[in-house]
Amino acid sequence: MIRTIKATVAYDGTRYQGFQRQKNGVGVQQVLEKALTEVLKEPILIKAAGRTDAGVHALGQVISFATSSRIPPENYRRALEPHLPPDIAIREAEVVRDDFHARFDAVDKTYQYKIYYSPLPDPTQRNTTWEIREKLDVEAMNRAAALLLGKHDFTSFKNQGSQDTSPVRTLTEAHWVQDGNLYTFTITGDGFLYRMVRNIVGCLVRVGTGQWNEEDFARVMAAKNRKQAGMAAPAQGLYLMHVSY
């Protein structure tokens with residue numbers, strides 16, 4: 001009897017070329033499929049909620065796959081741990097309906113982006129945050145971030161190469177929190193365009209440093225032109241936190 005398994009995965013994306021299986025290099029998907037194939041003793045192909053880029057991390061990536069194995073879902077984490085490197089982990093697993101699809105059944109996704117202020121270089125932050133040299137105005141960034149809420153055309157924040165048929169997305173959460181020198185941006189929506197979150201963060205940091213004001217951010221958003229938005233935030237500060245179904 002074939003069952004469909006849904007599993008939540010966490011990983012440090014530093015040494016991977018993204019989540020997807022890669023022809024040149026290693027993706028998180030390849031490592032997971034190899035480990036699952038070894039443990040379940042049958043070829044396993046997985047589907048994922050999000051295809052994170054090289055260097056991007058996850059605490060709440062969701063995968064799904066079909067298997068004839070009778071291993072109880074609650075045993076997956078312990079069974080897979082010896083077969084996975086320390087930077088990839090299964091957090092939980094469950095049996096779901098046969099036609100469940102980790103990507104297409106997702107209702108919304110939550111990402112976080114972490115920025116660390118340090119006047120001097122801090123090598124401990126290099127793989128997990130975007131390290132900056134000037135403090136940010138959180139109130140100004142939150143005023144600009146509020147403009148993102150609701151249903152909008154996000155073409156200005158979409159990179160070339162996006163395979164999405166529509167640039168329209170609905171965001172329900174977009175805000176910054178400061179904890180000492182750490183700035184964390186949380187954003188939730190029904191979907192995200194290619195590099196959309198990193199492009200948004202890059203623009204909001206311009207607001208936070210005083211290069212732009214709220215009106216400048218609104219103008220860029222309304223322009224529907226990626227060239228207006230400027231540089232994207234680097235990959236290492238981005239985390240896929242949660243996927244809702």
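Note that Cβ sites are derived from N, Cα and C of the backbone, with glycine treated the same way.
Per TrEMBL, these features apply:
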ACT_SITE  Asp53  active site, nucleophile
BINDING   Tyr111  substrate binding site
DOMAIN    7-105  domain 'Pseudouridine synthase I TruA alpha/beta'
DOMAIN    144-245  domain 'Pseudouridine synthase I TruA alpha/beta'
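The DSSP breakdown of the domain 'Pseudouridine synthase I TruA alpha/beta' (144-245), given as helix, strand and coil counts, is 37 helix, 31 strand, 34 coil. Its own atom aside, the Cβ of the residue listed as 'substrate binding site' has 26 Cβ atoms within 10 angstroms in the protein chains shown.
Per-residue pLDDT, averaged across the domain 'Pseudouridine synthase I TruA alpha/beta' (7-105), gives 97. Between the alpha carbons (Cα) of Tyr111 (substrate binding site) and the residue listed as 'active site, nucleophile' lies a span of roughly 13 Å. Residues near Asp53 (active site, nucleophile) in space but far in sequence (CB under 8 A, at least 6 apart, same chain), listed by position: Gly13, Gly18, Arg195, Ala235, Leu238.
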